[in-house]
Every structure is written in C-alpha cells, then in structure tokens.
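Visitor: Annotation comment: TrEMBL describes 47-65, 77-101, 113-136, 165-183, 195-215, 235-255, 267-292, 312-337, 358-383, 389-411, 423-445, 451-470 as transmembrane segment.
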Amino acid sequence: MARVQASDELVPRPVFEMPADTEVKNKQNFDNCSEDSGVKLKKRINLIDGVAIIVGVIVGAGIFVSPKGVLKYSGSIGQSIVVWILCGVLSMLGALCYAELGTMIPKSGGDYAYIGAAFGPLAAFLYLWVALLILVPTGNAITALTFAQYLLQPFWPSCDAPIEAVQLLAAVITCLLTVINCYNVKWVTRVTDIFTGTKVFALLVIVAAGAWYLFSGHADHWNTPMDGTLTTPGFIALAFYNGLFSYSGWNYLNFVTEELKDPYRNLPKAICISMPVVTIIYVVTNVAYFSVLTPQEILASDAVAVTFGDKMLGFMAWLIPFFVACSTFGSLNGAIFASSRLFFVGARNGHLPAAISLINISCLTPIPSLIFLCILTLILLFIKDVYSLINYVSYVEALFTLLSVSGLLWLRYKQPKIERPIRVNLALPIIFLITCVFLVISSVFQSPIEVGVGTGIILSGIPVYFMTIYRPVGWLTKLSIFVNQCCSKFFICMPNQEKFD
C-alpha cells in the first residue's frame, strides 16, 4: 500500500526506549488499553460519529456570516443561490475523490498522506509546513474568537465586547477542548454529536422563520433575482472562495482514517450522507436569509444570522448568537480532534519532532500533538491582526487540494494495479481539478499580494526541510531526542507501535 514513508537515510528518527521501571509500572495499563498489541490509536469512530464530524466541522460560523461575501461578489441573490449549490456540488466531488484516496491510502493525515504518496516527502513536508504556520492554528484561533464574541455579545448589546475578554474566553475554551481531546475520544465524539444537532436545529429555526415569512406573501425579493449579477471571472472566483469557506472541513474525516471503524465502508458512506445534507441546509438557509433581508441589509451586516434574528425573532433574538456560539464550539472541537492527527502523522513520519508522535498508554490519544496544537492556537489568539491571515488560507488550501487530487490522477497512471476499494469515475477528479485550477489562477489576478505572500510562506519551507530533515543539524537531532524523552516520561507516552504494511 502506497504511503508517505521517509527513508532512514534522509530522516534520522530518534529512537525512544521506555525506561525499564516505567515500562513495568505501565504494563498493566498498556495491556488493558490496547486492542491487539502495542500502543496505537484505537478505532472508536463509527458511521454516525463520522457523519457528525464532517457536518460538525463544516457547519461552523461560515453559514452565519459568509452569505454577505457570496452576495457581494455574485451581485444578485439568484447567482448567490447558484454559487451555494455549485459549492456544495464541488465539495461533494472533492469529498468523493478523497474517499478514493482515503481507502487506497488508509492512513490518518489526509492531504499530507496523499501528497506524500504521490509526490514524495518534500511536497508532503511543504503541506505540513503551511498547515503548521497558517491553515490549522489560524482556522482554530478564528473559530475560538468567533465563539467568544458571540457568547459575550448579549452582555455588551450596544457595543463590541472588550478584546481582552474575547481573547481570554477563547483561550479558556481552546484549553478545555484540548483537555477533553486528550482524555477520551468517546467524549470528543459525544460533544461533536450533541453540538452538531444543536447547530442543525439553529439553522432549521432560521429556515422555518424564513419559510413562514415567505409564504405569508413576502416574495418581493424574488421578483427579479438576477438583477445586478456580476459575470467577471475574478468576482465569480471570489464568490466561490466565500462559499467554499463555509463548506471547508469536508476532508477532515480523512485526517482520522486510522480511528474510523471499517473505513472502506464508513468513509464513503459518511461523505455521501453528510455532504448532501449540508448542501440542502445551506441552500434553504440562504433562501430564508434572502426572503427576509434585502441585499442592502445583508451587505451592511457583519453577522447575517444575527440581523435576521433581530428582524424575525423579537425578544428571542438572543438565541441566534447563542446558537452561533454552540456551532463554533462544536466546529472547534472537531477541528482540534482531526487536525491534531495531522501533526501526529507528520511526526511519526519524521517531519516534525518525534515527541509529537507519542501516544498516552492509558487514554491512547496523541497528547503531545494535541498540546502542541493548543500552544500554536493560543499564540495566534493574542496576535492583534490574526484575521488578516485568513486572506492567505483560501488560496493555500485550494492549491494543496489541487495537488492532492492531481496525486489521485498521478497514482492512477503510475500505480494502476494498486488496490482501490473505491474507484470514482475519472470525470469527477478531472472536473474538480479544472475548477481548482480556475480558482487558483483567478486568485493570482484578483489578489496578487495575498497569493505572493502565501507562495512565499510555502517556499520558505524548502530550506527548513533541508536543514532539519534532508541534512539535519546535529544539535537539532540531540534536542529532538531530549524533548522526546522528557515528553514520554511527563505524559506517560510511548511511540506508536502499530505494524505498517
């Protein structure tokens, strides 16, 4: 089975040996917690949990905020609805392509594993590098800040909550969810299930209120739905970027493939159930928004759902900020769970310090990886202009998604006989690839500064790769060994002992 695997020559992996006395003390826990033999991640995620993870991560703050961006660059409510539908279809195509990749390469890590299998360790490291600096901690920090802002909003109804209070609450919730993720995977999936249900209920409240308003004779906004439509390719690309931002997270289940029960069956099933559900909910939610609010009201609002609630729910309008907070809480929980596995797999393959690949022998969770991600997120929480980093996320994410799907086509050509439990029609990855190319090229002309900075960050990983992996500096290797030993003792962890084919 193809997978990212660095050779011993290129990636010196410090070997950790558990001290004898510690090994004896922990042997009982080790025997009780492991499924077979050795310390490894347990398969605890069933089909329902998988659906909840995908829906829970996708439905964050985006659908409550992004309609403004889609409308701004679409120009009309009619084209906005078309963009929302096509974004859902495009995400479904991408998810199906990832289902083939995830069952062909059944390892956690998502894009990192697939890019490495197709294009080698340098390309995989560059994805890991940019995920480390931009994609993962920025997304988690912004989600945590959004949660804090909406939860505190009722206490400061006439102004914004103090930034210090927002940052402190965001830090507390990030640490709390990290502790839950460290302690028990079942707790994580339970929190995900509960808050996924809460956010879907919130959107159904919006849909019900919008439907009541629409069928009460208020259909004026739909008389000329295509008025003002923008057809410039650059604006269309930006409208898709804003829509796809709300759909981002459809590939997160691929990050935890090793913990998914029967991944060959449950991965594609979870995708085929969750993506149509999310698309339908998103489209009818936008129909509700456009039925109640004028385009001018939407464009003037920083939080479309809150403006909708103020107009439709009266004294119950406070429910919308509460539901948005619940939505972002569940989304952050799922993102921490999935993205921590990315760094875990990267460390296991020698692309990050070996300590991050350690697994606690009692809980069988990658505690060092979770704490590492928590620290990165906390640092970004207290950077004043953290929101400016979001400008680079969409381009970089689209670029590496393009690379992953290119890898699918490349592996079809280079390894045609490799086992593929799921084999999608060749037209699907080609359509998805062409769309990604259009979005990436359009962003080059529409946002050249953001593209230039994003590309610079990606390329900055090349010298880091050669200094730390290809020809590692001696003192860095010694430091990695020291940190590895300290973490293994402090967190009562051992290296992953799963046997790979």
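Every residue, even glycine, has its Cβ placed from backbone N, Cα and C.
Heads up, TrEMBL stuff is auto-annotated, nobody curated it.
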Visitor: Are the transmembrane segment (235-255) and the transmembrane segment (312-337) close, by which I mean at least 3 Cβ pairs under 8 Å that are 6+ residues apart in sequence?
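Guide: Contact between the transmembrane segment (312-337) and the transmembrane segment (235-255): present, because at least 3 Cβ pairs are under 8 Å.
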Visitor: Establish whether the number of Cβ pairs under 8 Å between the transmembrane segment (389-411) and the transmembrane segment (77-101) reaches at least three, counting only pairs separated by 6 or more residues.
Guide: yes
Visitor: Taking the transmembrane segment (113-136) as the first stretch and the transmembrane segment (451-470) as the second, find out whether 3 or more Cβ pairs fall under 8 Å, excluding pairs closer than 6 in sequence.
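Guide: By the criterion, they touch.
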Visitor: Using Cβ atoms and a strict cutoff of less than 8 Å, what residues sit near the transmembrane segment (47-65) while being 6 or more residues removed from its termini?
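Guide: Here the qualifying positions are 143, 146, 150, 189, 192-193, 195-196, 199-200, 203, 245-250, 252-253, 256, 260-261, 266-267, 269-271, 273-275, 277-278, 281-282, 285, 302-306, 320, 324, 327-328, 330-335, 337-338.
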Visitor: Of the listed stretches 77-101, 165-183, 267-292, 312-337, 358-383, which one has the most C-beta pairs under 8 A with the transmembrane segment (423-445)?
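Guide: Highest pair count goes to 77-101.
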Visitor: Using a Cβ-Cβ cut-off of under 8 Å, list the residues of the same chain that are 6+ residues beyond the ends of the transmembrane segment (165-183) and lie near it.
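Guide: 140-141, 144-145, 147-149, 151-152, 191, 329, 332-333, 336-337, 340, 360, 363, 365, 367, 370-371, 373-374, 377-378, 381-382.
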